[in-house]
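Quick look at what TrEMBL annotates:
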type	residues	note
BINDING	Gly722, Thr723, Thr724, Gly725, Ser726, Gly727, Lys728, Ser729	ATP binding site
COMPBIAS	384-401	compositional bias 'Pro residues'
COMPBIAS	474-509	compositional bias 'Acidic residues'
DOMAIN	705-924	domain 'FtsK'
REGION	343-439	region 'Disordered'
REGION	470-523	region 'Disordered'
TRANSMEM	32-53	transmembrane segment
TRANSMEM	73-101	transmembrane segment
TRANSMEM	113-132	transmembrane segment
TRANSMEM	171-191	transmembrane segment
TRANSMEM	198-216	transmembrane segment
Amino acid sequence: MASFQAHNSGRRRDPLLDSNTALVLEKRGRELVGVVMVIVGFAVALMIASYSPDDPSWLSATDAPVQNWMGRLGAYISAPLFMILGLGTWALAFAFAVWGVRMVAHKAEGRSFLCVILAPVWMMLCSVYASGLPQGGDWTHHFGHGGLFGDMVMGSILTGLPLSPALGLKLTMLVLGLGIIGLGAFVLGFTREELVRIGRFMMIGLVMTYAFIVRLTGRGAQQAVGAARVMQERNAERRASRAAVAEAEAISHEGIPTAPRVKRAVPPMDTLEVTEDDVDFDDPAFAPPPEKTGFLKRMPSLIRREPAPMPQPELVENLVDHDVDAPGEDRIRAKIASAVNARRPAMPTLSAKKPDPTKPLTKGRGHGPQPLLISQTAAGAALPPEPPMTAGPAALPPEPPLTASRAVGAGTAGLPPLHATPRGAVPQAPGASRPMAAPVAEEATLPPQPAMAATPRVAEPDRVQATDAYSELSDFDDYGDDDGYEADDRFDDGYDDGDVMSRFDEDDDDHRTLPPAPPMPAPPVYRAAPVQDAKKVVQQQVRKPVQLSTRAKLEAQPSLKFEDNAPEFELPPLSLLMSPDRIERHHLSDEALEENARMLESVLDDYGVKGEIVSVRPGPVVTMYELEPAPGLKASRVIGLADDIARSMSALSARVSTVPGRSVIGIELPNDKREMVCFREILAGREYGDGNHKLPLALGKDIGGDPMVANLAKMPHLLIAGTTGSGKSVAINTMILSLLYKLTPEDLRLVMIDPKMLELSVYDGIPHLLSPVVTDPKKAVVALKWVVGEMEDRYRKMSKMGVRNIDGYNSRVADALSKGEMFSRTVQTGFDDETGEPVFETDEFEPKKMPYIVVIVDEMADLMMVAGKEIEACIQRLAQMARASGIHLIMATQRPSVDVITGTIKANFPTRISFQVTSKIDSRTILGEMGAEQLLGMGDMLYMAGGAKITRCHGPFVSDEEVEEIVNHLKAYGPPEYVGGVVEGPDDDKADNIDAVLGLNTGGNTGGEDALYDQAVAIVIKDRKCSTSYIQRKLGIGYNKAARLVEQMEDEGVVSAANHVGKREILVPEQA
């Protein structure tokens, strides 16, 4: 038997294929995979090359035939790729093709996984680089060459660079180009040796190309010299023959004998010297090439270089320091124990009424709110039973928990049996509601065993434990007195410590008469927990009276008007707004907030979130509970439970977010009764009235009830989004009134665009307007172009003045007016009749301050549907450059979608406000993160300043009656002084310049369209045919551009109007 087993163990199964066959199959498999990758790359290239926005895709459905070469599947795949990455999608096709070729050539290395990971980064870089390329006339998409992603990233980069847009774009394109080359070489799998070989090959190719060009140039020069010599000889012979013929004709014509003439030789002409090296055209053979010298002689050795020997690894012995003493086992255990004790959370607090001996404790929280929870510490169950730590001041935790809890010995008779309750469950009497916190409670530390009733037994150590517990309680009271902790009367329910201990003494005496109970395996141990003073988590902010500003104090004082000469303009008084005394204030008691905090801890514990509520900050609308999470708990896990927390707390919504600069997580829950934010209270405050904000905006109050005032001049533009009914229009009214209460018409002018014709029409006629309220979307485009032209004019004035912004210009104007100086400008009036030189005259004019201009657009979605490209170009230009000229934008929309709030607009509007939205996607579109869908509406907003910190704010309320009273007060000072051209549009020349600045080629031919029009006219005159489709086919342009060229030819009289069959006559005569 043993020999048979040995025989079988000696036999081994032969491999199915030998090593050579397996190697060949592996190579063929790699080649097959490479071929497949090349085919995939070619298919991706075909999909991208034949992409058409008219094809059906995930975002659009159409019945038109599919134009993509790869069919419907190619259209569905190429549409999102092209929309997101633009021309950067070609990098995907190129990567597949190169990877496939390298696998076929067996050049693939072991870093394939890293190349696949970095390939999307390379594609993104290509997309960003493509977004900086200029867009031609055939590019009809609403995004740039780099897609939506490239436009967004490029806009963010150009906005963040402290350079001019042109210089920043060039520098960015240079850096991106170098990054694309370097990262592309790595992603495509090229090694350093291959790159060196490629560089050497390119250098050698350049040298050889240069030598070949020089050789061809020498041959051409020799042939030119030979051809010149032949031409010279032929010209000499031709002149000699002409002279002889002329002489013979003269003799025959006169018929008079004359002396015989001697034929002179034609003087030789200056000929070119031809060296011996010139080419002889009779002999087509060339001389052998000269011997290679220098670099060309060493070129074969450079191409075929011997491989360098591989460096041998060094044998290095790792030295171990045997002199270092390892820490002892006792020290290691002590350190571990101290670390565990330091990270152990505070013992959970207990809440229950006076225990009823006749009713057992049951599981459940009940329906009413419960401030404190009974929980069992699992860590204590895992430890062996040992006496508790002494309650000395040094051994106690540095900060007591929220409420006091006391535990007593469990050796008394007559107490009901305790049942093991899971962590987070609240044992209480059946049918009883959850009470407030009581100073006496019980906590059972049970071993990890199945739940069973604890049978009381008589034991002498129980009395010792009770006595020790009482000594610990007394010591802890001394500790609390030493630290200055005072007992809260709210948690006193009439229990006396002496009465409690006397009861335990009597029970112990009764137990001594009973027979000893039979031993039980691992009985539960009840320990005495030290009593700790309640930690105050509610930080009720003291509602101080609002510190009135200087203006509010002056208006509050009664005054008599004895002066007849009133000022030309007076700001509207605060008395036109509703008084804050009429607002009903709601205050939550500390007991209710404590109760909610404990209930919130219970809810979080039910979902497995370990932590402690360390602070409660009530506000006028919401209350924020600050959660200190347990170590290792991710904030994203708590944020994802927002809907569940709101459901468990019976709240409308809950917003969970991190608190900037702190380690806590803020949980915002709405109050039962919401307090209205008074607009007059904010305007009367010192922060608004006495602040140094140039363009103050009263946003409202934060979570704690403090007023929030922002400066529009520092934003410098504001984007507002929110659904219908979220308080967006009221917020716009409060922002407009904030400006009207602070600035006069000399300091501020407004341009209001209201396509809905409802919200801003009430302001029509106030003296701050530059034009009537624009309600036509087409005129809105004209108004925005006028603002762009005004911005360019202001920049020219500031450049001539040598200042950098509007504040510097206005300060120069104020200095000149105080000194009585005049500004002068030089204007050309004509040319001198005698010399023809230009004549200039100096014109003096009184300097005027440039007011701030605020453009307010109530609904941006309607404008984007009418003229999205022009609106986006105007907004982008103004957002990038209008800050220094004192022009600012406030734009609002109720459709926060990507087609309205494009990447370009988001990149140029770092300051945004989001009201309540319907989905998380809309919140991400506006703010870049979730949270706006959890708002309460009616002015509840999230304010993102500078693209970083997000603050929750509650907007004030202004009624329509208050707005009408303020508008009537402003209209009493006379009609507004409108500026011409805001709605009518600028002149044609100025309009063309504005379109050129914006990069729009509408309305006239500018730049390359002049040459295109000339080509169209030449084609029409030559072919004597003119139609839109004909011009479109001949020039390879779009239908709209071809139709515009035909209309222009009709206006200029080149062709006639179309007849009844659509044909046109050519009015220009045919040219020979």
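Keep in mind that glycine also has a Cβ here, set from the backbone N, Cα and C atoms.
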Within a 10 Å radius around the Cβ, which one of these binding-site residues has the most neighbouring Cβ atoms: Thr723, Thr724, Ser726, Ser729?
Ser726
Taking the domain 'FtsK' (705-924) alone, what is its mean pLDDT?
88
Among Gly722, Gly725, Gly727, all listed as binding-site residues, which has the most CB atoms within 10 Å of its CB?
Gly722
Please give the sequence-distant neighbours of the transmembrane segment (113-132): residues at least 6 beyond its ends with Cβ less than 8 Å from one of its Cβ atoms.
84-92, 95, 99, 144-147, 149-151, 153-154, 157, 169, 172-173, 176-177, 179-180, 183-184, 186-189
Residues within 8 Å of the Gly722, Thr723, Thr724, Gly725, Ser726, Gly727, Lys728, Ser729 Cβ centre (excluding the ATP site residues themselves):
Gln894, Phe915, Gln916, Gly937
Are there any residues at least 6 positions away along the chain from Lys728 (ATP binding site) with a Cβ closer than 8 Å to its Cβ? List them or say none.
Ile720, Ala721, Gly722, Ala892, Gln894, Phe915
